[in-house]
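Asker: Grabbed the feature section from TrEMBL, which reads as follows:
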REGION    1-22  region 'Disordered'
DOMAIN    48-218  domain 'MENTAL'
TRANSMEM  55-76  transmembrane segment
TRANSMEM  96-116  transmembrane segment
TRANSMEM  123-143  transmembrane segment
TRANSMEM  149-166  transmembrane segment
REGION    200-235  region 'Disordered'
COMPBIAS  223-235  compositional bias 'Basic and acidic residues'
Amino acid sequence: MNPLPEDVENALTGSQSSHASLRDVHSINPTQLMARIESYEGREKKGISDVRRTFCLFVTFDLLFVTLLWIIELNVNGGIENTLEKEVVQYDYYSSYFDIFLLAVFRFKVLILAYAVCRLRHWWAIALTTAVTSAFLLAKVILSKLFSQGAFGYVLPIISFILAWIETWFLDFKVLPQEAEEENRLLIVQDASERAALIPGGLSDGQFYSPPESEAGSENEAEEKQDSEKPLLEL
C-alpha cells in the first residue's frame, strides 16, 4: 500500500489529538469543570501571565546589566564625573558608550509598554527593538573606535546584542505559544461546561454507578451444587 502523504498524516494526527482533548474534558464532571474554569479565570484576573512576567523581568535585567557595565566603564576611565561629562556633554559617536546605554533604555521602554502595559500578543514590538539594536550596534562597531579603548569596547556591544536576541527568542518561542495554548484550553473547558449545562438534570455520580463484579468461582460453585442436589430430588 502506498503511504499517506505527510499533510494527510498531519491532519489526521491533529484531529485525533483534538478529539482526545475533547474526550478528556468531557469526561470531567461538572464540579471539576467549574473548578478548572475558575482557575483559568483567576489567571486572567492577574492581568499578566507568569511567563510574560518572567519576560518583563528579563527586559528589566537587560537595562540594569547594561547600566552597570556602563557605570563600571565610567569608573575605569578616570572617574564618573569626568568621564560622564566627556561621554554625555561632549558626546562623540566614535568613542562614547552613552548611546549603547540609551539603546538599552529604548528597548526597555518599548518592550515594557508593549508587553506589560498594553499586553500585546504580537511580535512586531520585539522585532522593532531587535532590528534597531542590531543595526545600530553593527554600524557602531564598524565605524567607531571602541576596540581601541580596552575590554569594554568589546563587552558592551556584544552583551547588548546577545541580550536583545535572547529577548526575541524568549518571547517568540515561550511567551506567545504558551499563552495561546492556555487560551485554547480555556475555550475548550468553557465549551464543555456549556454543553454539560444543556443536559437535563446534569450528570450525577449515580448515573455512572457500576455494580461490583461477582467472584470468579461463584457461578461454577452454584452449578456443582445443583448437580449434587439432582439425585436427592429423584429419590
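Glycine is treated like the rest: Cβ placed from N, Cα and C.
Owing to the predicted nature of the structure, the values given are computational and were not obtained by experimental measurement.
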Asker: State the residues, same chain only, that lie 6 or more residues beyond the ends of the transmembrane segment (55-76) and have a CB under 8 A from a CB inside it; answer 'none' if no residue qualifies.
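Answerer: Sequence-distant neighbours of the transmembrane segment (55-76): 48, 83-84, 87, 97-98, 100-101, 104-105, 107-108, 111-112, 115-116, 150, 152, 155-156, 159-160, 163-164, 166-167, 170-171, 174-175.
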Asker: Any residues 6+ beyond the ends of the transmembrane segment (149-166) with a Cβ under 8 Å from its own?
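Answerer: Residues 58, 62, 65-66, 69-70, 72-73, 76-77, 95, 97, 100, 103-104, 107, 129-130, 133-134, 137, 140-141.
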Asker: With Cβ-Cβ distances below 8 Å as the criterion, list the same-chain residues six or more beyond the ends of the transmembrane segment (123-143) that contact it, or say none.
Answerer: 93-94, 99-100, 103, 106-107, 110-111, 114-115, 157, 160-161, 164-165, 167-168, 171-172, 176
